[in-house]
Amino acid sequence: MAAAAPAAAAASSEAPAASATAEPEAGDQDSREVRVLQSLRGKICEAKNLLPYLGPHKMRDCFCTINLDQEEVYRTQVVEKSLSPFFSEEFYFEIPRTFQYLSFYVYDKNVLQRDLRIGKVAIKKEDLCNHSGKETWFSLQPVDSNSEVQGKVHLELKLNELITENGTVCQQLVVHIKACHGLPLINGQSCDPYATVSLVGPSRNDQKKTKVKKKTSNPQFNEIFYFEVTRSSSYTRKSQFQVEEEDIEKLEIRIDLWNNGNLVQDVFLGEIKVPVNVLRTDSSHQAWYLLQPRDNGNKSSKTDDLGSLRLNICYTEDYVLPSEYYGPLKTLLLKSPDVQPISASAAYILSEICRDKNDAVLPLVRLLLHHDKLVPFATAVAELDLKDTQDANTIFRGNSLATRCLDEMMKIVGGHYLKVTLKPILDEICDSSKSCEIDPIKLKEGDNVENNKENLRYYVDKLFNTIVKSSMSCPTVMCDIFYSLRQMATQRFPNDPHVQYSAVSSFVFLRFFAVAVVSPHTFHLRPHHPDAQTIRTLTLISKTIQTLGSWGSLSKSKSSFKETFMCEFFKMFQEEGYIIAVKKFLDEISSTETKESSGTSEPVHLKEGEMYKRAQGRTRIGKKNFKKRWFCLTSRELTYHKQPGSKDAIYTIPVKNILAVEKLEESSFNKKNMFQVIHTEKPLYVQANNCVEANEWIDVLCRVSRCNQNRLSFYHPSVYLNGNWLCCQETGENTLGCKPCTAGVPADIQIDIDEDRETERIYSLFTLSLLKLQKMEEACGTIAVYQGPQKEPDDYSNFVIEDSVTTFKTIQQIKSIIEKLDEPHEKYRKKRSSSAKYGSKENPIVGKAS
């Protein structure tokens, strides 16, 4: 919508107050929205046995991409000169749209020409659950037009009767090709599709063709074609609406989709075949069909020769009900920190019965953090950890529930802390080409090891000094937990003066700073993956920082490094000044003293990245109107710059002036993944690189501006061009929007937590683990009633059960709540299943109809 102040004021309104609602009956959610939320988490591990080059230089420079259908949403770093590249890159993102295939493409990087696709792994959406949480080797498949087929066609067939002038009868077949949806991208762009419609039989092949639709993956054809089916017999009333059995069985309609190549060869997009005998019992047939590869596709390719790819994939689809349904489960979980012993709490029991503790940790941490319950819960489970720790040197070094909870907490709340502390120096390291290799075996020809040592020491010193002076920026919740850890460690090992520091450093240095240094892209500190030399530099820095921060190693005469060259290098830092600085920093971040807030005076860095923006105020549509710019968002302003690192912004929008952030219809500029930032001047139209990136920008912009005054209630989903809005045809530029703005999101700009979604995830985990929950319940019952001699530990070693009676009661509560939640979920699943009729857009026909 145009951002004139009077129109904006007229469009804004206060949201009505929510009324108190009694606990709903099962099935009451029918009249309210059930949110279907998708996410993908996993790891691209490695590829092996890739095809070598034919020439003398056989090695390849490889990278891997993740694609939703054919839209790239993630890219790994380039691994140079390898036929078995080791990527080891973790990924996580929300999936904002429907998709048919999740694909992984392995590329050979080519500087002068287009990158070469070596092969791909394509997994149907419905098959993703078969690979959830498991590392699997997949054979690479060849990439050609046949393997890239995707999308669906909406088709209607009718059979009419015609009587010719000479009295013979023929059947007229009416083919209405209505639309297509989700056609593949061609070279990363929307295609120019057209369809050929053929009636095929033993002795005929009549073909017709639609018009070409420009730059769209969802063309609306709405074209009707007529085919005559002649009959040898003369017209009789008896056979008036019959087609001879031998004819109808042999005729079929074939629709082929093509991309118009103009000056180059047209590209095959897929085909469907519909036998005419679908009209045997009905004179009309209408359905959506899934596009298929050609029957004579390339079946001879030796796919085993292309190599293989090892992946770990976890796809999640949550059906989030209205908030009222989650009240009892949420209440039970939030009581967990107060349960004695903590092992009898609902949150702890969930971690015990889940196949992978990590699955339970993330939703638990986010839910408890949202309600300020994480510190007492983490303290309680850490205390349980300490009971089993016999050696102070191994304190909090394992992967227990306590350490995993704290790891996730630091990732969630520590993002801004890392940006203000590490990002400037990491930018300097990544943008520089200084060599820091000090391993004699890995030195390149011409390298000077002494110069490299000085380079490495410069970076380590600069990073170390920044970290130890950053205590004022450390988030309060981290400080609170560090304080608790320090106190508990001192009580557990009162005779060890260093344990109070190692308890804190094992988290803040080993699991926080050191990890962020070695993988800055994972923590959103860098927009792209570093090259191989930079990764090596960051690894050496990370090792040194990790050891510097480990108070235990500083109290010994020797460092903990295994490599001789690292031991020699670390001698530069074994000075009293470093020890004092570490101790002072750890004291400050584990203190309960109130800190002067530094977060409110400095803007919080939220997101940055390269996107395309449309020149404002232009009245024509054209490629030149879209410019590539570097966007930066803080808690105060949205800016864009000519390139990364530019200090002077080309354009600035204060966050307080943002009135709405909404998606823009693809038809506005014939471009995908566009959104609009509506503010007090002309709307800013932006194109993201993919749907995931667009969704992330919309979410963070909505969060940061959610509490602004005069936010819009209605907006225009298209653009104002040539004197009218394309969406509603209104002529006034300041006309009230024609579509309601989407619902708001949580207002916390640093921590975006959807508590209903997290509770739904926990419900799903309990549901998947009911068998183990039952076994735990049986174990509690056995322990409670058993009066004989003490049993071997193996009998109950699968579970931590300190108090069988309290644990049993909690399990009973969990089962009762889950059983009640099952009812609305089952009702929704049945309703969804019945609405997705075979042949509908949601459930298209695969293969030939019958």
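Glycine is treated like the rest: Cβ placed from N, Cα and C.
Worth saying up front: this structure is predicted, and the values here are computed from it rather than measured.
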Tell me which range among 1-32, 33-64, 321-352 Swiss-Prot lists as region 'Disordered'. 1-32
Checking feature assignment: region 'Disordered' per Swiss-Prot, candidates 227-252, 539-564, 825-850. Which range matches? 825-850
Euclidean distance between Cα atoms of Arg397 (site 'Arginine finger') and His716 (Zn(2+) binding site), Å: 54
10 Å Cα neighbourhood of Arg397 (site 'Arginine finger'): matching binding-site residues from Cys727, Cys728, Cys738: none
Go through the chain and flag residues at least 6 beyond the ends of the region 'Disordered' (825-850) whose CB is under 8 A from any CB in it; none is fine as an answer. 26-27, 29-30, 34, 152, 154, 181, 252, 273-275, 277-278, 285-290, 292, 319, 321
Across the zinc finger (708-744), DSSP yields 0 helix, 9 strand, 28 coil
Going by C-beta under 8 A and a gap of 6 or more residues, the same-chain neighbours of Cys728 (Zn(2+) binding site) are His716, Thr735, Cys738
Taking DSSP H, G, I as helix and E, B as strand, the region 'Disordered' (825-850) contains 11 helix, 1 strand, 14 coil
Per DSSP, three-state class assigned to Arg397 (site 'Arginine finger'): coil
Are there any residues at least 6 positions away along the chain from Cys727 (Zn(2+) binding site) with a Cβ closer than 8 Å to its Cβ? List them or say none. Glu665, His716, Pro717, Ser718, Cys738, Lys739
Fewest Cβ neighbours within 10 Å, where candidates are the recorded positions Arg397, His716: Arg397
